[in-house]
Amino acid sequence: MKKHSARVAPLSACNSPVLTLTKVEGEERARENVVGTTDPQSTGGAAGAEPSSSRRRLHCCIRVTTVQVRKALWGVAMVMCVCSSWAGSTQLAKLTFKQFDAPFTLTWFATTWNCLFFPLYYIGHLCKSPERQTPRQRFRECCRFFGDDGLTPKVFFTKVAPFGLLWILTNYLYLQALRKINTTDVSALFCCNKAFVFLLSWIVLRDRFMGVRIVAAILAIAGIVMMTYADGFHSHSVIGITFVVASASMSALYKVLFKMVLGSAKFGEAALFLSIVGSANFVFISFVPVILYFTRVEYIGSPADIPWAYLCGVAGLLFAFNVLVNFGIAITYPTLISLGIVLSVPVNAMVDLYTCEIHFNTVRLIAVFIICLGFLMLLLPEDWDQCIIQLSTRLRKRDEPAESSAEAGATTGLNWRGRTRTSMSTFAH
């Protein structure tokens, strides 16, 4: 079963979990085997083996390129879906508060939808897996993620409940920020959670130090300050910015602690974890909206006045967003998924500009730009500098004139030993 599994961290929007897919691993192994395998008949002469090896290499290159093109096309669709779901949930939540000013109740309602993760995963398991299991068998197997004893009360209160609270705080603070400031500022500032993840990972997890990510973190902090300055440090906007920065911090803390405490999870384990978070939210947190209702903190006249269409729309879009972010990595690159997050900022800006809810002064534009720039810099791989050097080297070699075959034959044509080495190097590569 392990060879058919993939590992993914069930994190939130701006995370880019690195996932190794079974089909990609299989193709890599097939490519290595095809290139490294020699035809038994090729031992009779190098001339007959070279065309066969070339055809095999060409076949492998075409197959790998086809996989990459397919993943890129899926990535384009994924970027659009992630951007639409994130921007749509943000805009719809803003509209919901005009009729139903209850951010915690909306948070509780949307988090409860997480219960659907494991049932949907099990449906996919029945459709795709050759070894079908009963729901109980699959549940027990996924529970091994929490340890040899499975999901015990101790494990629940020490390894699940804290992440449930961080999940609720992240969403609640984000919705509170939407009540104070416009959606463009909220979506842009929330992108700072990528920088917070790097700083916490560098301090807590001892991750590799990267200068470009330090610069990105500085840009994120500078963007927060400039965003505050754009509205003249009014109390209303300062409170909203504080809420969204706190939400980004809770999201970053969730990701880093998950990596430190639980590590990474397979698809089924991630779905089970999120379903447990949603179930625990429904069982243990349901009393909070009731208290807020009777204390008139989040009060509404009658159930008929509740905009159920808006509430279900926000919850459904957030659920779709979390599905795409956590499991969309199975069909495309993680960087493209993260790119959908930052593209939601200009989408929200266009909506706000159309609805005349925002004034784009120079300071605000610069703040949004440098925050998005910092987010994109954090998407660079760890070996990005080496990739640039290799790319420049390849481009330089293409510009150099190739040596003619006559010159190559003049230097090595009369040396049997040299020809033997040449033919052997052809098989080696």
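Cβ coordinates come from backbone N, Cα and C, glycine included.
Just so it is clear, the model here is predicted, and its values are computed rather than measured.
Residues or ranges marked as region 'Disordered' by TrEMBL: 29-52.
What TrEMBL records for 35-44 is compositional bias 'Polar residues'.
What TrEMBL lists as transmembrane segment is 72-93 (among others).
Looking just at the domain 'EamA' (73-228), the mean pLDDT is 89. TrEMBL lists 73-228 with the feature domain 'EamA'.
The transmembrane segment annotation in TrEMBL covers 105-123 (among others).
Here TrEMBL flags 156-174 (among others) as transmembrane segment.
Sequence annotations record features per position, and here TrEMBL assigns transmembrane segment to 186-205 (among others).
Annotation source TrEMBL lists transmembrane segment at 212-230 (among others). Same-chain residues lying 6+ beyond the ends of the transmembrane segment (212-230) with a Cβ under 8 Å from its Cβ atoms: 185, 188-189, 191-192, 194-196, 198-199, 237-238, 241, 245, 361, 363-364, 366-368, 370-371, 373-375, 377-378, 380, 384.
The annotation transmembrane segment is assigned in TrEMBL to 236-258 (among others). With a cut-off of 8 Å between Cβ atoms, the residues of this chain six or more beyond the transmembrane segment (236-258) that come close are 9-15, 162-163, 166-167, 169-174, 176-177, 179-181, 185-186, 189-193, 196-197, 199-201, 204-205, 224, 227-228.
Taken from TrEMBL, the feature transmembrane segment applies to 270-294 (among others).
If you look up TrEMBL, you'll see 306-324 (among others) marked as transmembrane segment. Within the chain, the transmembrane segment (306-324) has long-range Cβ neighbours (under 8 A, six or more residues past its boundaries) at 12-13, 78, 81-82, 85-86, 88-89, 92-93, 95-96, 99-100, 106, 109-110, 112-114, 116-117, 120, 171, 274, 300, 337, 340.
According to TrEMBL, the feature transmembrane segment maps to 331-351 (among others).
Positions annotated as transmembrane segment by TrEMBL: 363-380 (among others).
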(request) Determine which residues of the chain contact the transmembrane segment (331-351) at the Cβ level, with the cut-off under 8 Å and only residues 6 or more beyond its ends counted. (result) 13-19, 71-72, 74-76, 78-84, 86-87, 90-91, 183-184, 186-188, 191, 194, 324-325, 358, 360, 368, 372, 375-376, 379
(message) If you count every Cβ pair below 8 Å, which range out of 156-174, 270-294, 363-380 shares the most with the transmembrane segment (105-123)?
(response) 270-294
(message) Are there residues at least six beyond either end of the transmembrane segment (156-174) with Cβ under 8 Å to its Cβ atoms? List them, or say none.
(response) 12, 103-104, 107-108, 110-111, 146, 186, 190, 243-244, 246-247, 250-251, 253-254, 257-258, 261-262, 273, 276-277, 280-281, 285, 318
(message) Should anything in the same chain at least six residues away from the transmembrane segment (186-205) have a Cβ under 8 Å from its Cβ atoms, list it; otherwise answer none.
(response) 12-15, 86-87, 90, 174, 177-178, 213, 216-217, 219-221, 223-224, 227, 240-241, 244-245, 247-249, 251-253, 255-256, 259-260, 338, 341-342, 344-345, 348, 367-368, 371-372, 374-375, 378
